[in-house]
């Protein structure tokens, strides 16, 4: 059956590069949302702990529960239903209206909208948020924001950095006024970290770089990272097609000579985005995908028992006119994973 192989060596290499840029392992929070960008939540969390990472970021409480014993600190980004809670969980407050929904005595990181206009409270509402949380005995353990264009060549990155600097000053003044401890500050995602000279925040939230990718790395002279994931498929059947015969739905690939063709057990049902006559892809070993990708299989000009479908998703991202994130996160979470 199809299988995802996860390279421990490559993951550790990436985490080492990230940790050195951040200043230490303690200043790195590995982002594990959406099944660790398709790589496997528990698998990547276990390896990150082994490397020495103590902070993680997930999407929901249910995700946090699966890795609760692996980290000292888990930031939950988008939870609305608090059926359980742990002292290691820190809940993102995305709007003022959510203050009344938070568990009593919980830890909260206030998200501030510094320009992305997606989630977070406005800077002018910070004191209102602190007072509302204080009334409910909820501890503000962090304040953060998210960059909308750190991986793009524009001034947005510097504009948002300046906005967050003003937020930090405001928060410090509020905490002094209310006799509260200064919370942790964090804003840098993968691209923002590597565009920041002399990183000085409390920690960085690193997602895609953990898994070996930094989009537009050539533009910013980012470090070369190593992809962690490779997707492998097993042979289902083999046949010899005569010259002029066609393969798959629609018969969009026709042989120009007698050809050996095998089907392999990966398809768009596994989250491998559909290829067709307008989207041509060749595997790392040089086998071209023939015709249309089906729900459960695809065809190649080989009879190898196992074939590496990809070990770097950047080429597929170009073919599908998308980003590396989408290629990995759309993979079916039920695909077997093996750490190598």
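Every residue, even glycine, has its Cβ placed from backbone N, Cα and C.
What Swiss-Prot says about this one:
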{"type": "ACT_SITE", "residues": "33", "note": "active site, proton acceptor"}
{"type": "ACT_SITE", "residues": "249", "note": "active site, proton acceptor"}
{"type": "BINDING", "residues": "118, 295", "note": "substrate binding site"}
{"type": "MOD_RES", "residues": "33", "note": "N6-(pyridoxal phosphate)lysine"}
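Taking the features listed in Swiss-Prot, we show where each one sits on the structure.
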{"residue": "33", "record": "active site, proton acceptor", "Cβ within 10 Å": "20"}
{"residue": "118", "record": "substrate binding site", "Cβ within 10 Å": "10"}
{"residue": "249", "record": "active site, proton acceptor", "Cβ within 10 Å": "12"}
{"residue": "295", "record": "substrate binding site", "Cβ within 10 Å": "10"}
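Following the DSSP three-state reduction, the secondary structure of residue 118 (substrate binding site) is coil. Secondary structure from DSSP puts residue 295 (substrate binding site) in coil. Across the fold, the C-alpha of residue 295 (substrate binding site) and the C-alpha of residue 33 (active site, proton acceptor) stand 26 Å from each other.
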